[in-house]
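Here is what TrEMBL says about this protein:
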type     : residues                                                   : note
ACT_SITE : HIS100                                                     : active site, tele-phosphohistidine intermediate
ACT_SITE : GLU203                                                     : active site, proton donor/acceptor
BINDING  : 99-106, 112-113, ARG149, 203-206, LYS214, 230-231, 274-275 : substrate binding site
SITE     : HIS273                                                     : site 'Transition state stabilizer'
Amino acid sequence: MATSVFHQPLGTAQPHQHFQNSVFCHEFGHASVKLTFKDFKVETGLSRRGGYSSCKRKFGVIQASASHTSVVQPVSYPPNNSTNELPKKSSEAALILIRHGESLWNEKNLFTGCVDVPLTKKGVEEAIEAGKRISNIPVDMIYTSALIRAQMTAMLAMTQHRRKKVPIILHNESEQAREWSQIFSEDTKKQSIPVVTAWQLNERMYGELQGLNKQETADRFGKEKVHEWRRSYDIPPPNGESLEMCAERAVAYFKDHIEPQLLSGKNVMIAAHGNSLRSIIMYLDKLTSQEVINLELSTGIPMLYIFKGGKFIRRGSPAGPTEAGVYAYTRSLALYRQKLDDMLH
């Protein structure tokens, strides 16, 4: 089976799809825009699309060719009488997935798992680069694992965002933590993005392999055994987690906590790890256990999904820091981008 790779710029073709009598609605302040598309044909870049039925609305999906230059998202902002304020509600929501940048143990070729190590200089640069690629995609909520490398990636990425909102980690571990981290300015709250940390999004726990050199481990136990531990779906390393076990906690958390935010119109970014993100992608794209073990995710490369009409539609990754050559965007995202440009220039 060929290995699936998700770090390439967009541009591959998907099966052709038709949308007949599709309707797109969007609000700007007190005004609304309604566009109707009849027999609109689109091309997408994925042979398998994940989806589930939890929303009954149907909306037309619009995609552009590789010559278009931006991927942008709608975003929910607090009510404001200003004519420059962005729309509060949207018919679609963006989901951004980012695997953390290179860590110090990635650099040393060590099994990391749930050991909490920071990013390398290269990892910091990867996180900043990822931020540039998504700088025009508004973010309402951020979810990260409980590990510093994922949190650093999320924070550094947001330093590049055009809206300049400040990501703030929520501390709900105790009543005192909640009280001491309160924000008492409504204006400051409006310019902040809540960051939720969750151990359920942690990397797969590698058990007795954690801290071991990968090559030395292969020499000691045999390449086939180590490959089985790393790439099988349901075989864990000694006293560790299999990918199946990691998926159980990561997908359950996604369904219970993140999916409701998307359903409410919130745009979400998740900064996590190779195996926890592979698990979530398995759910989003309806991959089989055999397909997911061949899925490779590069560090620091954002992946974009659109949640629309009760389905997740994979768009791929912005192609570069200037977004030149981005493959597809929706009408709603394009309208947001224009509004953002008008506000900031």
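Numbering starts at 1 and runs along the chain as displayed.
Every residue, even glycine, has its Cβ placed from backbone N, Cα and C.
Counting in whole angstrom, GLU203 (active site, proton donor/acceptor) lies 5 from HIS273 (site 'Transition state stabilizer') by their C-alpha atoms. Long-range C-beta contacts of ARG99 (substrate binding site), restricted to its own chain and to partners at least six residues apart, with a cutoff below 8 Å, comprise ALA272, HIS273, GLY274, LEU277, LEU297, SER298, THR299, GLY300, ILE301. Sequence-distant contacts of TRP105 (substrate binding site), defined as residues of its own chain at least six apart whose C-beta falls under 8 angstroms from its C-beta, comprise PHE111, THR112, VAL115, VAL117, GLY211. Within the same chain, residues at least six positions away from GLY113 (substrate binding site) with a Cβ under 8 Å of its Cβ are GLU203, ARG204, MET205, TYR206, GLY207, LEU209, GLN210, GLY240.
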